[in-house]
Structures are given as structure tokens and as C-alpha cells.
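Taken from Swiss-Prot, the feature domain 'ATP-grasp' covers 104-287. Look at Swiss-Prot and you will find K141, E178, Y179, D187, R211, S212, N213 tagged as ATP binding site. The annotation Mn(2+) 1 binding site is assigned in Swiss-Prot to D248, E260 on the grounds of sequence analysis. The Mg(2+) 1 binding site annotation in Swiss-Prot covers D248, E260. Swiss-Prot lists E260, N262 with the feature Mn(2+) 2 binding site, giving sequence analysis as the kind of evidence. As annotated by Swiss-Prot, Mg(2+) 2 binding site applies to E260, N262.
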Amino acid sequence: MKIGILSRNKKLYSTRRLIEAAEARGHEVKVVDALRCYMNINSELPEIHYRGENLKGFDAVIPRIGASVTFYGCSVLRQFEMMGVYPVNESVAISRSRDKLRSLQLLSRKGVGMPVTGFASKPDDVKDLLEMVGGAPVVIKLLEGTQGIGVVLAETRKAAESVIEAFMGLKANIMVQEYIKEAGGADIRCFVLGDKVIAAMKRQAQEGEFRSNLHRGGSATLVRITPEERKTAVAAAKAMGLNVAGVDLLRSSRGPLVMEVNSSPGLEGIEIATGKDIAGMVIDFIEKTASSKGTATRGKG
């Protein structure tokens, strides 16, 4: 098979591992920087050009699209879909998961457990907004933040009001979520592939920090998840329409709660924590599904 990987840096761990796994199985691999692509959009023969070359003959494409280039990256991926190339994750599914509000609304519609969440732009009654989610302490998030950036724990009502007013001054849309104290600064990253959780790790925030992101110094260890957690992670990925997803769960007194569904989950932390060949499993999945062209929208979304 000829497999394309949409990535801006072939030296990144996840990209490098996918290349190694694909080549080890005899596939031809080409890494493409989506931002450097340009497209010929027409009714007869849609094309993608890259460094003067017409990209054609691909059987599958693996999108590793960074959050900052979601719009253009998904546009290029959609063009691949229109050309009949199998996407591991569809453009419309990635777009859903990158919109934090939309993704939570989709999870809500499907009845997937998640923290009580308020969404606001210019609330005229901040006190009522806080009471709506159960009062302080609360977690306040910028809608566009990633890797723990733009996430604040406000431990008192006064602090929460100050943070919300500051974010309002930036003309930013914000989410206000209940703080799950019993999680103890830890979350669980479930790596979903197809309709299965193939690996899971526990991420623990460093002392004095509540954000467990590995980019913020959190540590990762192997964890055994419950059947309910497994079911919740798969349901969350399915709600987005993702074949490959990193689903972040919190363990709460009322069961697993989904914090986020990531469409380009990193491989380094979870491969090291679990000792599993996640990259190889992704390529195996492509081998089994690409020939069926099993996409829901085929670029129509």
C-alpha cells in the first residue's frame, strides 16, 4: 500500500514510529506537510500538489494534524477523501473533536458521562453561572486551549469570578466545569482503535499541579481499566466518528467522566508506559479497513 502521513515534522516520535511500522510491513510511506499543499478543486479530477508534485496513487492517509492548523489540515484531508483515499480519521470527525463545545454537546446527546459544564461568552450573571455547575472549586478553560494551556483551577468563588472576568476582558469564549476532587489530579488516557481500547495509561499531575498533561510534567504509568471505563472510551470515540482517538477520562464517584477526545493522540507516552506497539496496531488496522473504503462521508462532510 501507499500510505501518506499528514505531519509537519517527520522527526516527531509519533510520525517516526508510524513510518517505521508501515515500512516494516512493506508499505510505501510519504510524509506530507499539509500547510505546504495546494489543491486543484474541480468537478472532474480533484488534485493535491506538494512541492511541485501531483500527489496521487495513495491508498490511505494518516492525519497527524496539529491543533493550530486544524482548518487547513482538514481541508487537505477532505481533498484526499474526495480523491477516494481512505482516511484513518475523517476530516469531519477531526473537526468535531477539535471544537470543544461541539464535542461536549455530541457526548451529551449520546449520554456519555462528563463533568457538569457551563459555556459562556459574556455572562451577565457570573454568580449564577458558577452555581449552575455546582459552585467553586471549578476548572475554567479557554475554548481554544491545548496541552493544558488556558486551563485554570479556581478554588474559591472570588477567584473564579476574577478569572472569568479576566477571560471576558480578552473577548474569549470560556467553559466552566465542576472540579472532580476525587480524581486526585490524575486522568486516564485510553487509546481507542476501531471499536476497542487497545492501551491505557494513568497520567498523574506533578505535585502542586492539577493538570496531568505530559507536556506539563505529568507522569504516565500502566493502568488497568474497568469494563465501564472501556465502554465509555469507545462510546466517546464513536460519538465523534473517530477510528483512532485518545480519550481522557476522570475517575469520579459517579463513574468515568470524559474530559476530552483527541483525534491525534501522541504515541510516545502510551507506548513507553504500556510497552505496546501502538504504531504497528494502527498500520494493521489500516490494512484491514482501507480496502473497504469504510468512510462514512467520503469527503461529503
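Note that the numbers count up from 1, one per residue, in the order the chain is shown.
Cβ coordinates come from backbone N, Cα and C, glycine included.
Quantities reported herein were computed from a predicted structural model and do not represent experimental measurements.
What Swiss-Prot annotates, mapped onto the structure for a quick look.
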residue : record                : DSSP class
K141    : ATP binding site      : strand
E178    : ATP binding site      : strand
D187    : ATP binding site      : strand
D248    : Mn(2+) 1 binding site : strand
E260    : Mn(2+) 1 binding site : strand
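Rounded to the nearest whole angstrom, the C-alpha distance between Y179 (ATP binding site) and D248 (Mn(2+) 1 binding site) is 15. All protein chains considered, the CB of D248 (Mn(2+) 1 binding site) has 21 other CB atoms within 10 Å. Rounded to a whole value, the Cα-Cα separation of D187 (ATP binding site) and D248 (Mn(2+) 1 binding site) is 6 Å. Reported as a whole number, the C-alpha separation between K141 (ATP binding site) and E260 (Mn(2+) 1 binding site) equals 12 Å.
Across the structure, E178 (ATP binding site) and E260 (Mn(2+) 1 binding site) place their CA atoms 14 angstrom apart. A straight line from the CA of N262 (Mn(2+) 2 binding site) to the CA of D248 (Mn(2+) 1 binding site) spans 8 Å. Cβ-based neighbour count (10 Å, all protein chains) for E260 (Mn(2+) 1 binding site) stands at 19. Note on the domain 'ATP-grasp' (104-287): mean pLDDT across this stretch is 89.
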